[in-house]
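Read the structure below first, then the notes.
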Amino acid sequence: MDSLRDVKPIKLIFSIFCLVIILSACNSTAELPRFVQPPEPDGSLSFLVVGDWGRRGSYNQSQVALQMGKIGKDLNIDFLISTGDNFYDDGIISPYDSQFQDSFTNIYTATSLQKPWYNVLGNHDYRGNVYAQLSPILRDLDCRWICLRSYVVNAEIVDIFFVDTTPFVDRYFDEPKDHVYDWRGVLPRNKYLNSLLTDVDVALQESMAKWKIVVGHHTIKSAGHHGNTIELEKQLLPILEANEVDLYINGHDHCLEHISSINSGIQFMTSGGGSKAWKGDVNDWNPQEMRFYYDGQGFMSVYTSEAELRVVFYDGLGHVLHRWSTLKNGVYSDI
């Protein structure tokens, strides 16, 4: 029986988070909200990453969820990460929108997936009621759900920084077409972005963790449909490079992908295959940087210990597609 192990850490995390929010409110300096994620007794952590998924089980979402449950059990995962676009096509309209149950609670039902889910917002989520996804009511409906715009998960040997990337993208403001975006809490935009970039930079500088992982919905580097996000290349990437981030994990492109930068030690991982994928939609890329690309559904796992970080990509049938690992001394390996 692992029910106590599943439930108690979630309650502990929420309690610590509430305390952090209270303390932050008394502090005049801006600071990203923080969660504390307890590691395993040996200090290691294991988690799954999935993105671009919320389609009421269609486009193989249920099949991917099934395999996530199996792999999650095998790895005894501690938590999960969603890279955004949690609910298609236009987010949710309220905390009581049936999409939440139909696309999340009733899909990811495996015992191994009853762990904290750390979520970021994607552009499709911004087309709905953003405050609904951020509402604590969702945590009352399903205690796994954790979603803020930007925040940090502290897990001793690894710090994970979640960044709200949608407001960086110019075309959502300049050329929204028929889409209506919920920009409440984001405007004035320049002030929001400047504050966010400062907060992320400060949080990264203050991190004492062995590993630093940044999660955002949008790509920084990708050979997929959307390609590179120029705004993030110009504004966010220099901060990540200056602070020696190990991984940048994103969704947005509906594929699985690993790009190894030749300009820095950052590894760019795309996990956007949670449901609908874009078969054959891939652009040319420098073969020295492209480690792996898969134009189908799937997800990835991450394992961290004091000395090692391991990433594995799986397809919708649970087959291993790509493995990569690194040691903190800079030794890399495609397994």
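Using N, Cα and C of the backbone, Cβ positions are placed for all residues, glycine too.
Taken verbatim from Swiss-Prot:
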ACT_SITE  His226  active site, proton donor
BINDING   Asp52, Asp85, Tyr88, His254  Fe cation binding site
BINDING   Asp85, Asn123, His217, His252  Zn(2+) binding site
BINDING   His252, Asp253, His254  substrate binding site
CARBOHYD  Asn60  N-linked glycosylation site
SIGNAL    1-30  signal peptide
Taking the centroid of the Cβ atoms of His252, Asp253, His254 (substrate site), which other same-chain residues have Cβ within 8 Å of it?
Gly51, Asp52, Thr219, Ser222, Gly224, His225, His226, Asn250, Gly251, Cys255, Thr270, Gly272, Trp278
Just give me the nearest neighbour of Asn123 (Zn(2+) binding site) among the binding-site residues Asp52, Asp85, Tyr88, Cα to Cα.
Asp85
Of Asp52, Asn60, Tyr88, His217, i.e. the recorded positions, those within 10 Å of Asp253 (substrate binding site) when Cα atoms are compared:
Asp52, His217
In whole Å, how far is Asp52 (Fe cation binding site) from His217 (Zn(2+) binding site) when you measure between their Cα atoms?
9
Starting from the Cα of His252 (Zn(2+) binding site), work out which of the recorded positions (Asp52, Asn60, Tyr88, His226) are within 10 Å.
Asp52, His226
If one looks at the chain holding His226 (active site, proton donor), which residues at least 6 apart in sequence have a CB under 8 angstroms from its CB?
His218, Thr219, His252, Asp253
Taking just the CA atoms, what is the gap between Asp52 (Fe cation binding site) and Asn60 (N-linked glycosylation site) in Å?
12
Counting Cβ atoms within 10 Å of each candidate's own Cβ, which of the binding-site residues His217, His252, His254 comes out highest?
His217
Starting from the Cβ centroid of Asp52, Asp85, Tyr88, His254, which together make up the recorded Fe cation site, report each further residue of the same chain whose Cβ lies within 8 Å of that point, ordered by sequence.
Gly51, Trp53, Gly54, Arg55, Gly122, His124, Gly251, His252, Gly272, Gly274, Ser275, Lys276
How many Å lie between the Cα of Asp85 (Fe cation binding site) and the Cα of Asn60 (N-linked glycosylation site)?
16
Across all the protein chains here, work out how many other Cβ atoms are within 10 Å of the Cβ of Asp52 (Fe cation binding site).
30
Fewest other CB within 10 angstroms, which one of the binding-site residues Asp85, Asp253?
Asp253
Whole-number Å only: compute the distance from the Cα of His254 (Fe cation binding site) to the Cα of the residue listed as 'N-linked glycosylation site'.
13
How long is the line from the C-alpha of the residue listed as 'N-linked glycosylation site' to the C-alpha of Tyr88 (Fe cation binding site), rounded to the nearest angstrom?
14
Have a look around Asn60 (N-linked glycosylation site) and count the other CB atoms within 10 A of its CB, chains all included.
21
